[in-house]
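Visitor: I have a structure I would like to understand better, so I am pasting it below and will then ask my questions one at a time.
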Amino acid sequence: MQEEITTNREKIDLKNLSQDQLVEFAEKLGQPAFRGRQIMSWLYRPEVRDFEQMTDLAKVFRKLLAENSFFSHFDDPIIERAKDGCVKFGFRLHDGHVIETVLIPEPDRNTLCISSQVGCAMKCTFCMTGGMGFTRNLTPSEIVNQVCAARDFLANEPADKLIGPDRVTNVVYMGMGEPLNNLENVLTSISILTEQKGLDLTGRRITVSTCGIVANMARLGQEAPVNLAISLHAVDDKTRDMLMPVNNRYPLDELLEACRTYPMGKRRRIMFEYIMLAGINDSDTEARTLARKLQEIPCKINLIPYNESPGLPYKSPGMKRILSFQNILREANYSVFIRNSRGEDIAAACGQLATDETTKQS
């Protein structure tokens with residue numbers, strides 16, 4: 001029997017809730033727990049835009065949902081296409097701020113690089129996003145809706161334009177912001193992405209990148225079955241202090257110790273990301289130091305030729321220098337890859353995400 005419910009004064013976005021939280025929400029509305037699971041099964045269907053489409057819910061309950069809640073979408077994104085097939089989306093949020101998301105297609109996969117904050121507080125000196133400053137955290141719905149929008153884009157893309165599959169296969173939290181400074185909302189978004197009734201991605205296809213927020217690393221590993229990437233970029237505190245102010249709070253040795261104790265599955269490895277900056281962190285000596293410091297950490301290493309950005313003083317080394325660095329690490333039995341830069345012509349490459357509005361103001 002339907003209970004008498006007092007309508008909430010402020011509606012909530014149901015896409016901010018995990019399945020467990022949807023169950024709690026349904027129960028607060030006087031409904032059995034399974035109603036929350038039913039709601040989850042509808043929210044992430046691309047064709048569903050209204051509660052009236054949730055046809056296995058009683059009409060009186062659909063009315064109650066509409067009185068107390070809504071579910072958001074990202075419509076009409078700004079879309080830029082790179083020559084190499086990458087697609088950059090600009091999403092305008094309800095408060096007028098804009099975030100960027102990048103789709104990186106390959107023949108066997110579509111990787112979506114998503115943002116977790118508006119701007120970033122970490123002030124890494126080589127990163128355009130760091131120059132924006134920090135505005136606010138993204139909500140779980142604002143994180144997940146980036147994936148929903150890219151999914152819908154791919155589903156509607158003509159077959160002759162597709163480079164990879166017609167769906168998002170991989171998600172990386174490597175866009176604007178520091179995910180571990182928005183841990184609660186990131187964890188909720190991961191729960192939704194990996195929920196079968198949500199977006200049904202496996203945790204092995206999701207990677208969360210951090211510049212080294214040691215205090216939140218263990219909880220991420222305990223609560224989210226995803227991959228971890230560490231933005232390392234230097235092998236000594238002096239250089240890392242200069243490049244990444246976070247190192248003043250969490251020095252290199254403390255970060256690496258947290259990596260050694262990080263809870264992860266047996267076959268999982270941490271990805272260390274290392275931007276190659278000419279004359280700063282690219283010497284053979286630094287390669288040998290890196291090999292020594294990463295001992296006893298199951299890992300692979302991604303070398304990233306620096307994507308030059310206007311107003312920043314850094315340069316990328318030549319490929320000969322990068323290959324020498326890679327060879328030293330390989331001789332020490334590390335798996336080492338050189339990342340191919342994608343989307344440079346639309347400022348969608350690593351470290352280049354910064355909305356035009358903020359760039360013009362800075």
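Cβ from N, Cα, C; glycine included.
OK, Swiss-Prot features for this one:
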type	residues	note
ACT_SITE	Glu100	active site, proton acceptor
DOMAIN	106-345	domain 'Radical SAM core'
DISULFID	Cys113-Cys350	disulfide bond
BINDING	Cys120, Cys124, Cys127	[4Fe-4S] cluster binding site
BINDING	Gly177, Glu178, Ser209, Ser231, Leu232, His233, Asn307	S-adenosyl-L-methionine binding site
ACT_SITE	Cys350	active site, S-methylcysteine intermediate
Visitor: Which residue, of the binding-site residues Cys127, Gly177, has its CB surrounded by the fewest other CB atoms within 10 A?
Guide: Cys127
Visitor: Work out how many Å separate Gly177 (S-adenosyl-L-methionine binding site) and Cys127 ([4Fe-4S] cluster binding site) at their Cα atoms, rounded off.
Guide: 11
Visitor: What mean pLDDT score does the domain 'Radical SAM core' (106-345) have in the model?
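Guide: Taking every residue of the domain 'Radical SAM core' (106-345) together, the mean pLDDT is 95.
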Visitor: Measure from the Cα of Cys127 ([4Fe-4S] cluster binding site) to the Cα of every one of the recorded positions Cys113, Glu178, Ser209, Ser231, Asn307, then give the nearest.
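Guide: Answer for the nearest of the recorded positions: Asn307.
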Visitor: Compare the C-alpha of Asn307 (S-adenosyl-L-methionine binding site) with the C-alpha of each of the recorded positions Glu100, Cys113, Cys120, Cys124, and give the closest one.
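Guide: Going through Glu100, Cys113, Cys120, Cys124 one by one, the Cα closest to that of Asn307 (S-adenosyl-L-methionine binding site) is Cys124.
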Visitor: Given the S-adenosyl-L-methionine binding site residues Gly177, Glu178, Ser209, Ser231, Leu232, His233, Asn307 in the record, what is the largest Cα to Cα distance, rounded to whole Å?
Guide: 19
Visitor: Taking only same-chain residues 6+ apart in sequence, whose CB is under 8 Å from that of Cys120 ([4Fe-4S] cluster binding site), what do you get?
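Guide: Set apart from Cys120 ([4Fe-4S] cluster binding site) by at least 6 residues yet with Cβ under 8 Å, we have Cys127, Thr129, Gly130, Met132, Gly133, Phe134, Met176, Gly177, Glu178.
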Visitor: Counting every protein chain present, what is the number of Cβ atoms, excluding its own, within 10 Å of the Cβ of Cys113 (disulfide bond)?
Guide: 28
Visitor: Check the binding-site residues Ser209, Ser231, Asn307 for other C-beta atoms within 10 angstroms of each C-beta and report the one with the most.
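Guide: The residue with the densest Cβ neighbourhood is Ser231.
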Visitor: List only the single closest residue to Glu100 (active site, proton acceptor), chosen from the binding-site residues Ser231, Leu232, His233 by CA-CA distance.
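Guide: For Glu100 (active site, proton acceptor), the spatially nearest of the binding-site residues is Ser231.
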Visitor: Would you mind reading off the Cα separation of Ser231 (S-adenosyl-L-methionine binding site) from Cys124 ([4Fe-4S] cluster binding site), to the nearest angstrom?
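Guide: That separation, Cα to Cα, works out to 10 Å.
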Visitor: What is the total of other Cβ atoms whose distance to the Cβ of His233 (S-adenosyl-L-methionine binding site) is within 10 Å?
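Guide: Around the Cβ of His233 (S-adenosyl-L-methionine binding site), 25 other Cβ atoms lie within 10 Å.
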Visitor: State the count of C-beta atoms found within 10 angstroms of the C-beta of Glu178 (S-adenosyl-L-methionine binding site), not counting that atom itself.
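Guide: The answer is 27.
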Visitor: Which residue, out of the binding-site residues Cys124, Leu232, shows the minimum number of other Cβ atoms inside 10 Å of its Cβ in this structure?
Guide: Cys124
Visitor: In whole Å, how far is Ser209 (S-adenosyl-L-methionine binding site) from Cys113 (disulfide bond) when you measure between their Cα atoms?
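Guide: Rounded to the nearest whole number, the Cα-Cα distance is 11 Å.
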